[in-house]
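Remarks on the structure that follows.
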């Protein structure tokens, strides 16, 4: 017998049979070795063939093991194994069967048929397991589908549809697909295209996450329920698994053979199968190698002849990039656009999916949570599409509640830790012999007893609440299964079964659910089982960093006293503080315009009056860290070409992939304070970019992505008009301030374009600082020095005269508060540093600072 006349799978089986014989110390390869290997062969056709023929495979496997155990063993030396006479006889019989059926190569199924006819022990075992020759022959005919074995790899190409596709209609029948709500127009349009005589291959095109795959699943459900035209009623909808098709294709031509097998199977089905190719663009170039043909080109003839009835799905970008370039492939498909659903449609979709998700997580999802998921995701998650992002929100919020139910409640956990701590102390005290320790042990035992009782009671409550929840979940699962059984009975027209489920099983289960729900009516103390709008808002906050959850009392008070908090750090600029505080409060209460930034301001004033300091104080107030502020020094953008740094380089330029400085920062942190410092120093083209940010709250970066600025506060600072401010300073009356503001606005209007000024929420002119305010600022700045000294365990105590001296030295109406910082450095910090180095002050000392002869003097208290 020639080995090269066996199919590759049969050759592999023979090699594995030899290994099996060697491993079991057998000197001869018997038919049982080969049959045993064929039965366990990965991807082989022997096991499916026997199952199809009604053979009891587990019983057969036991009998084969018994036969293998009974074979004689040779140990102690390595011997060559050779085929037995019985195996050779069976191979001759297999060869004869193959030739009778017109095969060029011997396939494994003829070996199975030869064994059934055999009178040996293996044949008897097979017949004892229920094998009959006629049934085996019928199963072989079905497996081969009228084809002969003409190539070595013929066995691998068999049942290609079962191997490389997923049956969506079968999944719909078993209730494994999520319900598809709405999308009637798109499904109708898809059916319309499928019903055409030619070009009957729709391709669904839309943004990621709008529900392209869901439309195909909806079509599968309609086919199963018979809610489609007559022409589609008996068809199967299969999804091509491209990963399985490519996986393990090691040699050139192997992938093409597999795809050809799929196409041949489809041709044999004569239009009874619709093939769904998700991510259609992956077919263009798949399997492409030097001199080879890619999958896209292999599909074209089948599509043109009408042998392949296909639905594709891909995104707009991928369609343009891959499919449109191949005009011959594109013309064989008919485009069906899938748009993003509205918020109202998304709410309807979520209501339809609610039961599935509630059942999966074992929690209750309330309707306000569904509405919140749709509205909040639409407003705050801008880089993804509905309904995908809303479904993800609902899913994650339900997952969070489930996690809290499964994990130990915080109160119980705290009690348990306290108990462990006390028990450790008890063990330590048991070793002590003195009376005081014995008394403490008695007290400790009493405390442990009280805590133990409290812990046991709480744990019992927690377990009973969990059990109540799980009981209701089990009933809901039974109701879901009963509904699936009812649908299956309806399709089979089994009216007796339908009547039994509809009027017997379902009402009984619903009565049980009502009883379980009434038992749950009491408020759960430790377990929360409902997903509310608040949980959805918390998930949005975690995703985006935007605080959309309900404000706690502490935060409300904090926002109401915002002016006072900012005023403690920024002195003498009450108007600016009020304007900024109002913008933050509007944003936090949801009253600000949803299509514009939370606030956009231009701060004007001379140097050193607190423009940048107010932004730092605001960042610390909002985010507990002044590092959360996005600060851009506009003096870096003085050249025309430097504008590209803000939004990213255009295509074809170096740095295109990196994105823009401003846009990337805001994409990562959408809720932030953006400070554009010294804005008048930037090139005029920068303001053209800022126009759409200030008006629509959005900016398109170099890669075409839209970046959302609607949750940012934009502050620009400028020194324009500082000369006019200095000239009119010295009088704090409202009339003078109005006159000063008008003079400054004249300068501003001369420098900035009207369309830029018109888009700002407010232009704030900062007041010059007087001596009293400089003294206040000195106190604030000295607090920083006190903190630094505290690290060295030193305290600082300045009397009023010393503070007065620093205020006088640091006061300069032209330069604001910056000279004060220099005065503190030169008058106080330099001298104090020398004193500390000289050993005048050591850890634990208090440094008393006074004035003597117009100079600061230091003494130890």
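From the backbone N, Cα and C atoms, a Cβ is placed for every residue, glycine too.
According to Swiss-Prot:
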{"type": "DOMAIN", "residues": "3-146", "note": "domain 'Clp R'"}
{"type": "REGION", "residues": "6-71", "note": "region 'Repeat 1'"}
{"type": "REGION", "residues": "83-146", "note": "region 'Repeat 2'"}
{"type": "REGION", "residues": "159-340", "note": "region 'NBD1'"}
{"type": "BINDING", "residues": "206, 207, 208, 209, 210, 211, 212, 213", "note": "ATP 1 binding site"}
{"type": "REGION", "residues": "341-545", "note": "region 'Linker'"}
{"type": "COILED", "residues": "391-525", "note": "coiled coil"}
{"type": "REGION", "residues": "555-768", "note": "region 'NBD2'"}
{"type": "BINDING", "residues": "605, 606, 607, 608, 609, 610, 611, 612", "note": "ATP 2 binding site"}
{"type": "REGION", "residues": "769-861", "note": "region 'C-terminal'"}
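Residue counts for the region 'Repeat 1' (6-71) under DSSP (helix as H, G, I; strand as E, B; rest coil) come to 47 helix, 3 strand, 16 coil.
Remark: residue 609 (ATP 2 binding site) has 572, 573, 766, 767, 768, 769, 816, 817 as non-local neighbours, by Cβ distance under 8 Å and separation of at least 6 in sequence. For the recorded ATP 2 site, residues 605, 606, 607, 608, 609, 610, 611, 612 set the reference point as the centre of their Cβ atoms, and the other residues of that chain within 8 Å of it by Cβ are 613, 717, 719, 766, 816, 817. Note on proximity: of the binding-site residues 208, 212, 213, the one nearest residue 605 (ATP 2 binding site) is 208, by Cα distance. Of all the binding-site residues listed (206, 209, 211), 211 sits in the most crowded Cβ setting, with the most other Cβ atoms within 10 Å. The closest partner of residue 206 (ATP 1 binding site) among the binding-site residues, by CA position, is 611; the full candidate set was 606, 607, 608, 610, 611. Same-chain residues that are not part of 206, 207, 208, 209, 210, 211, 212, 213 yet have a Cβ within 8 Å of the Cβ center of the ATP 1 site turn out to be 315, 338, 385, 388. Helix, strand and coil content of the region 'C-terminal' (769-861), in residues and according to DSSP, is 52 helix, 19 strand, 22 coil.
Under DSSP, residue 607 (ATP 2 binding site) is assigned to coil, being neither helix nor strand in the three-state scheme. For the binding-site residues 213, 607, 612, counting C-beta atoms within 10 A of each C-beta gives the highest total at 612. Neighbour counts were taken at the CB atom with a 10 A radius for the binding-site residues 212, 611; the maximum falls on 611.
Ranking the binding-site residues 607, 608, 611 by Cα distance from residue 207 (ATP 1 binding site) puts 611 first. Residue 213 (ATP 1 binding site) sits 60 Å from residue 606 (ATP 2 binding site), counting Cα to Cα. Summarising the environment of residue 608 (ATP 2 binding site), the number of other Cβ atoms within 10 Å of its Cβ, over all protein chains shown, is 21. Per-residue pLDDT, averaged along the region 'Linker' (341-545), amounts to 79 for this model. For residue 208 (ATP 1 binding site), the same-chain residues 6+ apart in sequence whose C-beta sits under 8 angstroms from its C-beta are 315, 384, 385, 388.
DSSP assigns residue 208 (ATP 1 binding site) to coil, not to a helix or a strand.
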